[in-house]
Amino acid sequence: MRALAPSFRLLAGLLLLIVLSLSSANAQCNFANSCTGVELYGYILRGDCINEDGHPHATSINLNYYIGNDNGRLEYPGESFGSSCVKTALNDGHTLTASCKGADGQYHDSSMDLNYVVGNSYGYMEPCRASNADHVLKSSSE
């Protein structure tokens, strides 16, 4: 039985590392779970996000660097949605809404869940990794 103990400890340690790495990968998004007082000022998302010590940290991110407009629809990854989208607003603390100009010259209402775009990294709002972009390559048009 003692011969199994070191192998079991090694296996348990490896399993713990795998679980921790998976949970940290998921922690890159869903900023709304750990950020409060979130508001949108133009293209700047601001709020207080919990840091590694468990304390709130005032932080912001310029969404214009990470979100674009594809024919009247908000798109991530992308950039410069602000040049062709108007009436930007934040609903429910995590849903970006805007009216974006399409190829037809008309404006189309669009929305995007920012939990797939923004994460909390040690108290700082940061863009999600590109692998998470598969969830929101194109946003919904209403």
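Including glycine, each Cβ sits where the backbone N, Cα and C put it.
Of the cysteines Cys29, Cys35, only one is given by Swiss-Prot as the disulfide partner of Cys128: Cys29.
Rounded to the nearest whole angstrom, the C-alpha distance between Cys49 (disulfide bond) and Cys100 (disulfide bond) is 29.
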